[in-house]
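*Asks:* Here it is: the structure, laid out below.
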């Protein structure tokens, strides 16, 4: 690993991965127009140069667990000012931050089967005829999530991905030890779990994702949730006697509609809105898939 910074990224021509293009699902193949270089998609590409994860959008790849894991990792970096996953992307500038490579060659380190492993990729990305990326993308010109996802899915078998869970995906991204907590389990301790979540997130010792189970389409539609879907937890707050979680749907659309949602006209007091810097009325017309939900719900 000491020689990682010595990898040759300064090439005279575009780099093409010798392992070829990643496998697409039948649905993705039907939508595919062409594979394009990042520099042909964006005029001035960035690599995780945007603040937070609000700009990250999951597309046709069924990897919500990975995107949720990616979002909480990026949110951690901005909250604590410490590199967690961006330190594993090469090439890097003098500050140790990942740098755009005009040749399109990148190396990403992932923790797979107990070891940090180098995954080399090119920046060819699948694009639909509309010009929209078929992989996870940014609403700005940021390609960091495209590169991380491509490296991860190269290891996992391609864009035709059957899905995973955020615990194992966070382990691959960070090397941090994962833990599943099942809220329906008889041994589930709500108070202890809340305290561990709250203390761990605010001290920088915990990354949090949550996921729904199976539910009927009618129930899911009424709640504004997606069945068997992973969500990123961006913040945990104890305010005015309410225990609340700030959550992001990786789709960057479709939000919880129950208690403390943007649609809740009962529980949002002026004090609570001020302390959380949240305006439900403004959020009504700005759907990034980010919402507040109370811990009990």
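Glycine residues also receive a Cβ, built from the backbone N, Cα and C atoms like all the rest.
Nobody curates TrEMBL annotations by hand; they come from automatic prediction.
What TrEMBL records for 64, 229, 249 is active site. Under the heading domain 'Calpain catalytic', TrEMBL lists 9-297.
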*Asks:* Any same-chain residues 6+ apart from residue 64 (active site) with CB under 8 Å of its CB? Would you list them in sequence order, or say none?
*Replies:* 58, 163, 226, 229, 230, 231, 250, 251
*Asks:* Under 8 Å between C-beta atoms and at least six apart in sequence, can you list the same-chain neighbours of residue 249 (active site), or say none if there are none?
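*Replies:* Result: 226, 229, 231, 255, 289, 290, 291.
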